[in-house]
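Structure, as structure tokens:
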Amino acid sequence: MMKLNQQRLIDTFLELVQIDSESFHEKKIHGFLVSRLKELGCRVYVDKAGSAYNTDAPGNIIAFLPGTAKSKPVVLCSHMDTVVPGKGVKPVVKKDCITSDGTTILGADDKAGLAIILEVLRTLKEQTQVPYPPVEAVFTLTEETGMQGAKNLDYKKIKGREGLILDNEEVTELLVQGPAVNTIEVWIKGLASHAGVCPEKGISALEVAAYALSQMKLGRVDKETVANFGVVQGGKVTNVVMDEVYLKGEARSLSDAKLAKQTAHMKACFEKAVKHFTKKIDGKVHKPQVKFVPFKRYPAVNVPRNNEMVKDILSAAKKLGVRVRAAASGGGCDANVLSGFGFTLPNLGVGCRNCHTLKEKLILKEFFQAFEITLAAVLAYRK
Ligand SMILES: [Zn+2]
């Protein structure tokens, strides 16, 4: 049977967290991972994502480990970058967890994921008794600042379409749903006029905005959909009818279709407001101008609960005595972007806590469990 080499998994993790890799400065860890993957017998391909935006690394890593069983490859994905402050991490190994020395983050997000994947590849290679499918390790750049790596991933170079992302905190939580998000910017132009002398000759951009918002479904729209305006900018003095206002907001939904519907509804409310505030001034028709610009940040994740990979993960966990539950996330990660490219990748926790803070820690027991679950799910995969 394949046994987990705990010390080796910890050593790989400690090695990784001591390589600086804040977003956009990922060259070093990139080089380290490419050579480690080659040592493990993988065919390594590096895409050109690095030239699409401002990072010092060449691209995302796609590594192929040939299998000994006939199957499509199973995809394992983690990201290479960390948030700040992530330079000069000095890991402190305690009895049941690993932390930083308190002056930096630890970087378990997502180096715990990278370490697990490297160790899974190594464990598969070392044994000859149990047949395993081909594995494709996908290590992305620059996830933390908006998934720039994944967005520029040369995903056609990846043969598999199913697998697992390791980029979540608690091992007991498997994320199978995540919202699609649209950022929405609105510029409204009214008509300036002296507010003391002739307010009727003006059109208040702020009132246009207020009217539109009063007609709009915001906050909790339905079980799967939320919307919010969080930024308002406009106006300079009290005696001028405000002629320009800028709003910035967002809408999120677990359903791409519902997100499109909500975004269209928001736009329609501004159009209604334009009609409402169009008026004749000195015999001439004045119409407020609205520029409504939605920007798709990332698509939704929707892995069916009866997906084979999900079932394999849950049953592997059960055998280990770990109660893993399928859950929905409120935020976005590489899983969202990859889902837009047609990948089915539930996101398993690696055992870290307090990610993105100086108190970040990796709980060893959960880290080992995440490894065991990942290995078992890979071994069970056949397509
Ligand atoms: Zn992460």
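Numbers here mean position along the shown chain, with the first residue as 1.
Any Cβ shown, glycine's included, is placed from N, Cα and C.
All TrEMBL annotations are machine predictions without curation.
According to TrEMBL, the active site, proton acceptor annotation covers E143. Counting Cβ atoms from all protein chains shown, E143 (active site, proton acceptor) has 26 others lying within 10 Å of its own Cβ.
Taken from TrEMBL, the feature Zn(2+) 1 binding site covers D109. Counting only same-chain residues six or more apart in sequence, the Cβ atoms lying under 8 angstroms from the Cβ of D109 (Zn(2+) 1 binding site) belong to T82, V83, D167, E169, V350, C352, C355, H356, E360.
Under the heading Zn(2+) 2 binding site, TrEMBL lists D109, E144.
As annotated by TrEMBL, domain 'Peptidase M20 dimerisation' applies to 185-275. Summed and averaged per residue, pLDDT over the domain 'Peptidase M20 dimerisation' (185-275) gives 97.
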Discussion item. Just to confirm: which same-chain residues, 6+ apart in sequence, have a Cβ under 8 Å from the Cβ of E144 (Zn(2+) 2 binding site)?
Written reply: S23, H79, D81, T82, V83
Response to the item:
For the domain 'Peptidase M20 dimerisation' (185-275), the DSSP residue counts stand at 33 helix, 33 strand, 25 coil
